[in-house]
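Just below is one structure, and these are the notes that go with it.
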C-alpha cells in the first residue's frame with residue numbers, strides 16, 4: 001500500500017512539473033506557430049486563407065487536448081500502475097542507443113559549429129536566389145489525374161472546336177449602341193483576329209451577330225431596332241440592360257503561363273492603342289484570373305513568409321522581452337526557407353496554390369521545434385549547467401521528442417503521396433521534405449548557434465539581472 005501511495009505521489013509530482021515546465025514552453029511554441037499561420041490570411045487566394053484558418057484552429061485544439069486530456073490520462077496511467085510495472089520501469093534506466101546517438105551527434109555539432117553555420121547560411125542564400133525564379137503552375141488540368149475521362153473529354157472538345165479558353169474584352173460608355181461605338185467594336189474585333197493569328201481562334205461581338213442577322217433576315221432594319229428584337233439570352237451575351245456596358249468574347253488557344261502572360265500584355269497594349277476616348281476598356285475572363293493567381297503565388301508567397309517571420313518575432317519579443325532571445329529560434333527557420341527553395345529548384349517542382357503555402361508551414365513547424373529545444377536549453381542554464389552541458393541535455397531530451405513529432409507528422413502527410421491529383425502529391429512531397437529540413441535545422445543548426453552565441457546571451461542576462 002505504501003508503494004502504491006508513493007507511486008501516486010510521484011505521478012502527482014510529475015504532473016506538477018510537466019504543467020509548470022513544459023506547458024509554458026508548448027504554449028509559447030503554440031503562439032509562435034499560430035502567428036506564422038496567420039500570415040496565410042493575407043493571401044489573395046481564398047483557399048489559402050481558409051487553409052491558414054484551419055491550421056490555426058487545429059493547433060489550438062491540439063494544445064487544449066494535450067493539456068486537458070493527454071496529461072490527465074498519463075497521470076491516471078502512472079498513478080494506478082501495478083507495483084511490478086513500476087519496478088520494471090525503475091530498472092529500465094540504462095541509456096538507449098538513440099540517446100547515445102544524440103549525445104555523439106551533439107558533440108560533433110558543437111565541435112564543427114562554425115562549419116555548420118557557414119555552410120547552412122551559404123546553402124540558404126543560394127536557395128533564396130534560385131527560388132526567386134521558380135515557376136508557378138495554375139493550369140487546373142495539370143492538377144487533375146491525367147488519365148481521367150473528364151480531362152480526355154476536354155482535350156477532345158479542344159481538338160474539335162479549337163479552343164476551350166476565353167478572354168473577355170469589356171467596354172463601357174454612356175451609350176455603347178451609338179454608331180461610333182458599334183463601328184469601333186467591329187473594327188477592333190477584326191483587328192484582334194488579324195493581329196494575333198497564332199493565339200486567337202475566334203472573336204465574337206455584337207456587330208458580328210447583327211451583321212449575320214441582317215444578311216439572313218432583316219437587311220433594311222436599323223441596327224438599334226434589330227438589337228431590341230434580339231432574344232434576351234443572345235442580347236445579354238454582349239450588352240447589359242442599360243446599354244452602358246458590352247463585351248467582346250475572344251476564344252484563344254491553350255497556352256502555357258508564360259505565353260498567356262505575354263499575349264495578355266500585348267493584347268492590352270494593342271487595345272489601349274486603338275481605344276476611342278469615350279470608352280473605358282478592360283480584360284477579364286478565366287484566363288486573366290489564372291494570370292492574377294500566378295502573380296499572387298509568385299509575389300504573395302514571399303510577402304506571406306516575411307510577414308509570418310515578423311509576426312512570430314513580435315510575438316516572441318512580447319513573451320521574452322529580449323530581442324536576442326526572440327530572434328534565435330527564428331534563425332534556423334529562416335535557413336529552412338532557403339533550403340526549401342533549393343530543393344524546389346533541384347527537383348524542378350513548380351509552385352501551386354498549395355505548395356505556395358510552404359513558407360508559412362515551415363515557419364509554423366520549424367518555430368515549434370526550435371522553441372521547445374531552446375526553452376529546455378535555458379531551463380538547464382538556469383539550473384546551473386554550463387553552456388555545453390545545457391546543449392547536450394537539451395538536444396538529448398527534447399531531440400527525442402522532436403524526432404517522434406517529426407516522424408509522426410511525416411507519416412500523416414505521406415498519405416498525400418498516393419493521391420491521383422498531382423497538386424496533392426506534390427504538396428505532400430514538399431511537406432515531407434520541409435518537415436525533414438525543420439528537424440535537421442533544429443538538431444543541427446540550433447545547437448551550433450547556441451554554442452556560439454549562448455555564452456554571450458547568458459552573460460548579458462546576468463548583467464541585466466544585476
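Even glycines carry a Cβ here, placed using N, Cα and C.
Please treat TrEMBL annotations as automatic predictions, because they have not gone through curation.
If you look up TrEMBL, you'll see 21-42, 54-76, 110-130, 302-320, 327-348, 354-374, 401-423, 435-458 marked as transmembrane segment. Look at TrEMBL and you will find 343-452 tagged as domain 'SSD'.
With a cut-off of 8 Å between Cβ atoms, the residues of this chain six or more beyond the transmembrane segment (54-76) that come close are 11-12, 14-15, 18-19, 23, 26-27, 30, 33-34, 37-38, 40, 360-361, 364. Across the residues of the domain 'SSD' (343-452), the predicted structure has a mean pLDDT of 87.
Secondary structure by DSSP for the domain 'SSD' (343-452): 96 helix, 1 strand, 13 coil.
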